[in-house]
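TrEMBL has this to say about the protein:
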DOMAIN    34-113  domain 'Ig-like'
SIGNAL    1-23  signal peptide
């Protein structure tokens, strides 16, 4: 009787351990894109099952030949065979390109496994600059276009794995797809239709809400989420939400006097001799003294707490005989 009770207790403990491995690591998993599986881990040892043939029709068609299926991870053949494969997870390891093959070596299916650590873990892929957010977003006007950029960690330069853009009210009904040939993402829902393109540099995206009306007041914020990954299949997601009126950049002018020490960017650290703020949509004119070497201009929306634009500068070149004040 004692042996029977001991066996039952041991069985329960065994099931409990399996449940901990199954349920704690991975904590969750979902399909990011077709054939791309994102697995969230908590750092402990665990397993994630993969299937080569997923539909019952495929299994029936292959009958008893599933044991001939073999697997490769990143092109290297693994010992596991059969329709099912267990990805071994430990800390942030386990990601890779898993392929399954028939007996003659032909490819049957493939799954890219990306690993995402708990969000409580320290960020490793992107870094903040000047205490800003990881994502820095700006818009030049109110037509629905905006740009977001980021800074890669110096030892973990990666690439974009997934983009999701929506209005804050759109939740589960937002569907996103990608055209990999041009790295263009489209996210559509009932209230918005976003199109995003990855910059050639790989450190930013340009997006447009094609349903946005530039003459109407925004009632819902834009919510942008960017998933970035490293070559070692580690992935992190970064989000930001905003009204376009909060990130738009429209004028402030300053005159520089004396020698232009940094003519490539004379507005960076030179001290202005005069500041002039203009709040007008009309064409403005003002006098520039003959000693001024450059005029620097930047813009800010007068009605919203938007960002200042980057400095634009105009070099003033005059002949020796033409030293009169000049209108700009």
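Just so you know, glycine gets a Cβ as well, placed from its N, Cα and C.
For the domain 'Ig-like' (34-113), DSSP puts the residue distribution at 11 helix, 47 strand, 22 coil.
Predicted-model confidence for the domain 'Ig-like' (34-113) is 88, expressed as mean pLDDT.
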